[in-house]
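Swiss-Prot annotations:
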- 69, 111, 124, 192, 193, 194, 195, 196, 197, 198, 199, 241: substrate binding site (BINDING)
- 98, 101, 116, 119: Zn(2+) binding site (BINDING)
- 125-248: domain 'Nudix hydrolase' (DOMAIN)
- 158, 178, 219: divalent metal cation 1 binding site (BINDING)
- 159-180: motif 'Nudix box' (MOTIF)
- 174, 178, 219: divalent metal cation 3 binding site (BINDING)
- 174: divalent metal cation 2 binding site (BINDING)
């Protein structure tokens, strides 16, 4: 899986360090290795896109290192591969030594894992499961402005799964903790790998059951019910949050625009 890049190699280049991505001219590099001065670098093939290899190179470039968020407008499959590269690079960087015996680790030749040749321990990338849920009440959807997003964007509620919790229990707990309401009729919609830093978003839709909105001020600046045709600033297209909102709007239109 790991080899030295040669002059004739070409493809998509995920050059990553400390959760950053090399984006010359603001774009994901695509082309010949020589064009980007990558010949001789150790690389890992992490997939293919449109017939070309996708290579991961763990390297810090002096300029043009940016966030993977800057390539969110790429096709979903390529964005997913870019996210995979950033997450794998961070995994390899943060697991250089075995947590049990302290000896150096080396990558597996057959899977995304690191191995300890001293105590035989095996490590895999840690993925944090999260829930994200759109809640509908009649012709309205619950949207909130998060403390960490002070740019006016309103979105649906989300949170991390705790140890020993089912996804359904997480939805009920997170919604109650952040907004003070109860939900019913929970339906799974989709999932999305989310490399910020190493999450897997599991998306749901639900209906309002009971309770008044009482926000957790440590998490939210405000939350309210918004009619489907009068919405505030929303998350960008390509995010699972935006899909949930648009799906809820579509259902409201079907019910209220006869």
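Positions of Cβ are set from backbone N, Cα and C atoms, glycine also.
Counting same-chain residues at least six beyond the ends of the motif 'Nudix box' (159-180), those with a Cβ under 8 angstroms from any Cβ of the stretch are 128-131, 133, 135, 142, 144, 186, 188, 199, 202, 204, 206, 211-216, 219-220, 223.
As a summary of secondary structure, the domain 'Nudix hydrolase' (125-248) carries 22 helix, 55 strand, 47 coil according to DSSP.
Sitting within 8 Å of the Cβ centre of 174, 178, 219, and not among those site residues for divalent metal cation 3, are the Cβ atoms of 157, 158, 159, 175, 177, 179, 216, 220. For the binding-site residues 98, 116, 119, 158, the largest tally of other C-beta atoms within 10 A is found at 158. Around the Cβ of residue 219 (divalent metal cation 1 binding site), the number of neighbouring Cβ atoms within 10 Å comes to 17.
Classification of residue 98 (Zn(2+) binding site) by DSSP places it in coil, neither helical nor stranded.
Proximity of residue 124 (substrate binding site) to non-local residues of its own chain (separation of 6 or more, Cβ distance below 8 Å) is seen for 112, 113, given in sequence order.
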